[in-house]
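Scroll down for the structure; my scribbles are underneath it.
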Amino acid sequence: MQCPHCQHTDSRVLESRSSENGQSIRRRRECLQCKYRFTTYERIEFVPITVIKKDGKRESFDRCKLLRGIVRACEKTGIPPSRLEAIVNDIESRLQQDSKREVTSQEIGQLVLEYLRQESEVAYVRFASVYGNFQGIRDFIAALALLQSSEIERAHPSWSQVEEASVITSS
């Protein structure tokens with residue numbers, strides 16, 4: 001680290017501690033040449049994620065916008081705000097861990113639906129209706145049928161194996 005006083009490039013760390021709720025590390029340093037003491041901060045640098053909208057426009061990932069959409073879908077469902085915040089944290093973390101720097105709004109919508117399916121059927125259908133741009137009752141019925149079939153699959157995973165076996169034997 002370069003000394004701000006004499007520009008010498010060697011320094012030693014006297015003290016390190018976590019700061020800003022664990023989001024950075026504060027280091028107290030001393031220049032090896034002039035003995036000047038100074039403080040540096042080390043922070044995580046997140047690579048920005050670009051969201052490709054349905055119309056092809058590109059915009060920066062907006063965590064607040066995602067949270068607003070999820071909160072809206074979960075109104076009056078009893079899901080605590082801390083859980084909604086955790087869902088957004090998980091989604092953002094998954095996006096940051098992916099090597100892609102561009103993601104479609106459809107991919108983000110699918111991630112949200114994965115989480116909401118586990119939390120609340122009502123929130124799932126509400127979010128799906130906006131995300132899927134539902135036009136009428138048939139769209140709602142299709143979403144409910146999909147939700148119901150996945151519930152049956154989760155409750156009775158062997159049923160799909162029985163169905164597969166009957167299809168295989170009837171061929």
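Yeah, the Cβs are placed from backbone N, Cα and C, and that goes for glycine too.
Per Swiss-Prot, the feature compositional bias 'Basic and acidic residues' maps to 7-18.
Look at Swiss-Prot and you will find 49-139 tagged as domain 'ATP-cone'.
The region 'Disordered' annotation in Swiss-Prot covers 1-21. Listed as Cβ neighbours of the region 'Disordered' (1-21) (distance under 8 Å, sequence separation of 6 or more from its ends, same chain) are residues 27-34, 36-38, 40-41, 43.
The annotation zinc finger is assigned in Swiss-Prot to 3-34 on the grounds of sequence analysis.
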Helix, strand, coil residue numbers for the zinc finger (3-34) per DSSP?
0 helix, 17 strand, 15 coil
